[in-house]
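J.: According to TrEMBL, the record shows the following:
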- Cys138: active site (ACT_SITE)
- His217: active site (ACT_SITE)
- His310: active site (ACT_SITE)
- His314: active site (ACT_SITE)
- His343: active site (ACT_SITE)
- Asn347: active site (ACT_SITE)
- 10-282: domain 'FAE' (DOMAIN)
- 306-390: domain 'Beta-ketoacyl-[acyl-carrier-protein] synthase III C-terminal' (DOMAIN)
Amino acid sequence: MLHFRLPMLQTSDDRMVGTEFSGEVIKRNKNLGLNEYKFLLKAIVSSGIGEQTYAPRIMFSGREETPTLADGILEMEEFFQDSIGKLLSRAGVSPHEIDLLVVNVSMITAPPCLSSRIINHYKMRQDIKCFNLTGMGCSASLISLDIVRNVFKSYKNKYALLVTSESLSPNWYAGNDRSMILANCLFRSGGCAILLTNNKSLKHRAMFKLKCLVRTHHGARDESYNCCIQREDEIGKVGFYLGKNLPKAATRSFVDNLRVITPKILPVTELVRFMVVSLVKKWNRHGSTKGTTTQGPIKAGVNFKSGVDHFCIHTGGKAVIDGIGFSLDLTEYDLEPARMTLHRFGNTSASSLWYVLAYMEAKKRLKKGDKVLMISFGAGFKCNSCLWEIVRDLEDGNVWKDEIKNYPPKTLVNPYMEKYGWIQDEDPSTFKIPEE
């Protein structure tokens, strides 16, 4: 499978979420008290998110608690018409040439489905094969990619269009449950359209070649299933619940995923070295009279850099990036693309991976023959990963082109504490919600 282009949504600056605007939005939620304010301040300060992320238009009209069906559809149509149009124009491909369309947007279902809306807007062929994925979470991009891969096994010389985004307009949480208001801090607007083909005669125009893809699903475990779920709170407000056991569920799925993909991407010499070291450690533990226990993140113990040149990590949050970095023994250079994407664009759900990949391209890191490992997590609970091979040196312009020279910035510290730190000293008995 060959991968051509990946235009990402570059939202207009009038939808940018700065410190002042964030404060205004938070004050509009009359269900919050002092403890919730303090919690939100702590969460956003430690989130790794900066002041240039984007929100849907409904937030700027102050209607986030009363969304309409049209709000969600308009948000998606703006993205579709911008990104897909740019992609096809840049690639010189007509909408009529698309054989397969896969769309993944988790948080909206509006018949006719989003894939049908795209087909109608671009007047695609009647025999196009289309798939519309919802509820698959932040790991849906690689699930969509797997669908394309499997269809390509049966049909040759085809074009596929993969479209990934998230609908935030109908999904703002207006309650006060801490495990649910956390999602308001992390998720931001974004999206990406990707053109793929299995026509080998086009390989000279391609950017990447897919080498392997592994999907891990722990939905049979109740603990994993319930740690990341949309639900109602005690007062009937719908939101996205992020449980305290989420890191544990993510670690389990990550470890199981690595067990499968590691033999596919690393050289035999590294696998043999790891087996020998593991056997020695096991023998030493067996011979020891004192038992040992380990806590916290687990190191893989494998040198992934022996088979991988770049690491494309889902921007689920600072803790996610730190945890994967520790487990795979990665450097700050390796983690920089994910950290900068989180800072600049926030968590754009399933499209996050492609913003991270675009950062590497804009930094001119991606050279012919390099390997890129993508790792994503999603509700369910799922961990999906894949390995790409770069088929030509990449330095094309993308969503980062006008500002890549400013990254990484001197500091990633956001100004929320400086602006709202006074709330830490407030007395619960005298505190009143600030007037707008």
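FYI, residue positions are counted from 1 along the chain as it appears here.
Every residue, even glycine, has its Cβ placed from backbone N, Cα and C.
Curation does not apply to TrEMBL; its annotations are automatic.
Walk me through where these features lie, including what they touch and how far apart they are.
T.: Within 10 Å of the Cβ of His310 (active site) there are 21 other Cβ atoms, across all protein chains.
Here the Cβ of His314 (active site) has 29 other Cβ atoms within 10 Å, regardless of which shown protein chain they belong to.
Of all Cβ atoms in the shown protein chains, 22 besides its own fall within 10 Å of the Cβ of His343 (active site).
Neighbour density for Asn347 (active site): within 10 A of its CB lie 25 other CB atoms from the protein chains shown.
On the 0 to 100 pLDDT scale, the domain 'Beta-ketoacyl-[acyl-carrier-protein] synthase III C-terminal' (306-390) averages 95 in this prediction.
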J.: Could you check which of these active-site residues, Cys138, His217, His310, His314, sit within 10 Å of Asn347 (active site), going Cα to Cα?
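T.: Of Cys138, His217, His310, His314, within range: Cys138, His314.
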J.: Please identify, among the active-site residues Cys138, His217, His343, the one with the smallest Cα-Cα distance to His314 (active site).
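T.: Result: the closest of the active-site residues to His314 (active site) is Cys138.
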J.: Report, in whole Å, the straight Cα-to-Cα distance of Cys138 (active site) from His343 (active site).
T.: 17
J.: So which of the active-site residues is most packed in, judged by how many other Cβ atoms lie within 10 Å of its Cβ, out of Cys138, His217?
T.: Cys138
J.: Between His310 (active site) and Cys138 (active site), what C-alpha distance do you get in Å?
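T.: Distance between the two Cα atoms comes out at 20 Å.
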J.: May I ask for the distance between His217 (active site) and Cys138 (active site), taken between their Cα atoms and rounded to an integer number of Å?
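T.: Checking the Cα atoms of His217 (active site) and Cys138 (active site) gives a distance of 13 Å.
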